[in-house]
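The domain 'NADH:quinone oxidoreductase/Mrp antiporter transmembrane' annotation in TrEMBL covers 22-286. For 59-79, 91-114, 150-169, 176-194, 200-217, 229-253, 273-292, the entry in TrEMBL reads transmembrane segment. As annotated by TrEMBL, domain 'NADH dehydrogenase subunit 2 C-terminal' applies to 288-335.
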Amino acid sequence: NPYILATLLFGLGLGTTITFASSHWLLAWMGLEINTLAIIPLMAQHHHPRAVEATTKYFLTQATAAAMLLFASTTNAWLTGQWDIQQMSHPFPLTLITLALALKIGLAPMHTWLPEVLQGLDLTTGLVLSTWQKLAPFALLLQIQNVNPTILVTLGLASTLVGGWGGLNQTQLRKVLAYSSIAHLGWMILILRYSPSLTLLALLTYFVMTFSTFLVFKLNKSTSINALAISWTKAPILTSLTPLVLLSLGGLPPLTGFMPKWLILQELAKQDLAPLATLAALSALLSLYFYLRISYAMTLTMSPNNLTGVTPWRFSSPQLTLPLAIATTATISLL
């Protein structure tokens, strides 16, 4: 029903906007709750056991994170008499709130729900989960001033490593994208304390790249690496562009995805964190390996020729192809 869909999408937008606009912890928590409750029917709309399971997992983790956040903000108000987001000063609620937000966006070591949930979803809902759902918690993380940098750096480094190692043994594309998401979030969190503007830049470029990746997979109707091997007959032009999109996600120069990584490494070196920058750069190589593997499956394996029918690659859905064209161009040549 289009009315129900419109209401749910409005709820998604409203939740994020409330969190953006709030300076009071209760209001921020309320925005996050509206956000969670709006996406749950969207996730369960295909009544498939996997989808329902993913929805349940998502609901439980988000409810846990929201409860932690509420508990931490109440504790902060009890200890300091302060409900203001930017006035957080006591280390205990600060740490707790950082961990709650990390659980909300799926940073390692609180990441295990993300691949499971994403695997059970439709690609469009998965795209919303990977992009829009990250905005509100990020707005809160950016506003918390006095958090201990060690916690953030530990979370960030763990996420880049887990995102790299985890994606290596996956054959399902949605799980690979989930691990890629964890790795990218790790890069953003690494630099959060030292340069918030770089975090926002990394988030923005990640959104553009993920957008085009999800749309490509949706057009190809492929959910596993095996399905990608026969995508050449479905859409030759698209298939020849996709490896560039994937390598951009991996952060290969001269593509767009290289820019945030480059600037983040530069900033870390400026902050005298050279060992950290080295580890982060090495973990990016792990991610690059599984993107290369997907690219290899798409373009360098011989696809069985579709001789019986005409290749169905003249797309009939302009509402999908225009955003795809814009996102892909941005992903490949923004640097």
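Positions of Cβ are set from backbone N, Cα and C atoms, glycine also.
Counting C-beta pairs under 8 angstroms (sequence separation of 6 or more), the transmembrane segment (273-292) reaches the transmembrane segment (150-169) with 3 or more such pairs. Mean pLDDT for the domain 'NADH dehydrogenase subunit 2 C-terminal' (288-335) in the predicted structure: 78.
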